[in-house]
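Input: a single structure, listed below in structure tokens.
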Amino acid sequence: MLRTEEMLLNVGPQHPSTHGVFRLVLKIDGETIVEAKPVIGYLHRGTEKLAEDLQYTQIIPYTDRMDYVSAMTNNYVICHAVETMMDIQVPERAEYLRVIAMELGRVASHLVWFGTFLLDLGATSPLLYAFRERESIINLLNELSGARLTFNYMRVGGVKWDAPEGWVDKVREFVPYMREQLKGYHSLVTGNEIFTNRVIGVGTYTKEDALNYSLSGANLRCTGVKWDLRKDEPYSIYDRFDFDVPVRETGDAWARYHVRLDEIEESLKILEQACEQFPAEGAILAKVPKIIKAPKGEAFVRIESPRGEIGCYIASDGKKEPYRLKFRRPSFYNLQILPKLLEGETISNLISILGAVDIILGEVDG
Amino acid sequence: MVEELLHSQAGILNFGIFFLLAVVLLFVILGFVTYAILAERKVMGFMQLRQGPNQVGGRWGLLQTVADVLKLLLKEDTIPKLADKPLFIIAPVIAFAPSFIVMAAIPFTDKFQFADLGVGLLYYVAISGLTTIGMLTGGWASNNKYALLGGMRAAAQMISYEIPLVMSVIGIVLLTGSLNLNDIVAAQENVWYIVLQPVAFIIFLIASVAELNRVPFDLPEAENELVAGFHVEYSGFRWAMFMLAEYVYIFAMASLTTVLFLGGWHPLFSFLGFIPGAVWFALKFMCVFFLLLWFRSTFPRIRADKLMEFAWKILLPIALANIFLTAIIKEILNLF
């Protein structure tokens, strides 16, 4: 018998498939992973600590940089938290603009995931197709907010800019276009034997595991738990729309893939209805004081971001800066199940598992 | 002409002629590689809604590869401190040399062939297998864990896929009754073997893609898993050697596919016979090459642990069944 040794392999922080600066210390036996230890914190910028010295409006751009793939939902969660504390009623038109912006962001975020996941699996083309569609979304959001990635669009009490003329019609036109493209994705990728081989039964966990690890978003819904805050604890105006919460039962990467692609379709439904109901007139910003001071006390709000439940906790002592600000960052929680999933897997499965979890390092490290 | 030369006396003059012809072939191949890379980037660009190279050498980027190669030649030659230096240096050579040696046996037209070997097919398979050693050596000598994993994958993959590759062409050998590539082409004058041996063609195509380390079988250098696999520590002209070997193999493999299954230099229909054989060969060859590019921009990468299973449990039994069937049918036909 030959003497064999386990090998220590550093995946990341500089690695094509770790989506940023995530590091995994693997103990491998051949290509089989014996033990995996995630190391995070390479992108830590101390958003929460910085926020303690910033006024509420000044915090908003920092939230853009947490989950930079879906900045709109991050904008919303901080504004929503302050609004809850101050009991501000957001004008109708602003709510619709917010919802349209967030749902566009959700579609864009899932498109990025779709593209990069397939790229991780070795298919180069889907990335470019997905980014073509994302580009039209980015252009729409650019017209709305003046930025392509870090929008800084929402304000406490409403939004910063009104929609330019004809913008809502452009969104309306985008919906059928995106539906058409989705069909193309399915015919290119979904039925592909090599692809199904790489995702079916890979990275499987049970409903109990998902709940115990506090997973959320598509990572939870892929195990059959029908939980979406837009439906179950409706915030903003989500109770006005008719949409479904896609679920799958199997809990593997294949289920996560389907949940996300189905979510794009549901988001398109919401967009369609929001454009239909969009009020022609109205204010975009509630009457808020020049300097926002949250009343003494605390508040916690949570909403559904593309990656899961993003929460914002504010403890205020009545000053114009928060006393303590905490974000519940879904990627950070979703990542925790990784060591359990990776044990006994091979390196090529590592890539599909890590990709299917959909982490954004800016959000993991905060 | 080559025929006469092959049977002529050894001498300085003949050596000179052979040497010159080899240099000509080298340039033909280098020219192919230059524009194959460009074609690959352009075709993939076209399929992926991009432009591809469009700056160096006009709108079509005709000099892009030349510029790239020049850049690679000018790059600093880095060797990792803890690498096994002699092996590290020799590995790209081991990988590249066989890729050029196999060219000798391939009949491009009925006139243009360097060595009319009786066992041309076996020669090709045997020599091309040597490249694996170069990759394994490179992976080992780099003293890098990713490179080692890539080298191991390369060895496992290329040895496994060599077997279905050889098995698939046995059907053709049975039909022709010869291992000589010239005889094989000559036997396809009326019907190409892609018609007579469709199963063999599919197995051969899959196995050859695996041999070439191309998508969906690019596991040894899977960039998303192993960063760059066995050549992760290589840069500059040493890396270029590996790349060159890879593209020369594409040239060789596409030529071999043309010879074995697509009737070599024979025209599609006999009334089109006025078009020279070289043109026909090039056309068929291009089709095979385009297929490889198409694969690359369509497929994801196969799972590493399914790779062996696929070769041994699926391709090999089918190839064996194909040999069996071919043999039986041939015997039955011989009865009448």
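Even glycines carry a Cβ here, placed using N, Cα and C.
Per TrEMBL, the feature transmembrane segment maps to B:12-38 (among others).
The transmembrane segment feature in TrEMBL is assigned to B:87-109 (among others). Remote same-chain partners of the transmembrane segment (B:87-109), defined as residues 6 or more beyond its termini with a Cβ less than 8 Å from a stretch Cβ, comprise 25-26, 29, 79-80, 115-117, 120, 123-124, 127-131, 133-135, 137-138, 140-142, 181-182, 185, 233-234, 238-239, 241-242, 244-245, 248-249, 251-252, 255-256, 259, 264-265, 276-278, 281.
Annotation comment: TrEMBL describes B:121-141 (among others) as transmembrane segment.
Among residues of the same chain six or more beyond the transmembrane segment (B:161-179), those with a C-beta under 8 A of the stretch's C-beta atoms are 118-122, 125, 129, 187, 193, 196-197, 199-201, 203-204, 206-208, 210-211, 217, 260-261, 311, 315-316, 319-320, 322-323, 326-327, 330. Taken from TrEMBL, the feature transmembrane segment covers B:161-179 (among others).
Residues 157-158, 160-162, 164-165, 167-169, 171-172, 175, 184, 216-217, 253, 256-257, 260-263, 266, 291-292, 295, 307, 311, 315, 318-319, 322, 326 of the same chain, all 6+ positions outside the transmembrane segment (B:191-210), place their C-beta atoms under 8 angstroms from a C-beta of that stretch. Feature annotation from TrEMBL assigns transmembrane segment to B:191-210 (among others).
What TrEMBL lists as transmembrane segment is B:247-265 (among others).
Taken from TrEMBL, the feature transmembrane segment applies to B:271-295 (among others).
Annotation comment: TrEMBL describes B:307-329 (among others) as transmembrane segment. Long-range contacts of the transmembrane segment (B:307-329) within the same chain, counting only residues at least 6 positions beyond its ends with a Cβ under 8 Å from a Cβ of the stretch, are 156-157, 160-161, 163-164, 167-168, 170-171, 174-175, 197, 199-200, 203, 206-207, 210, 217, 219.
Tertiary neighbourhood of the transmembrane segment (B:271-295): same-chain residues 36, 39-40, 43-44, 47, 108-110, 112, 205, 209, 212, 214-216, 250, 253-255, 257-258, 262-265, selected by CB-CB distance under 8 Å and a gap of 6+ residues from either end.
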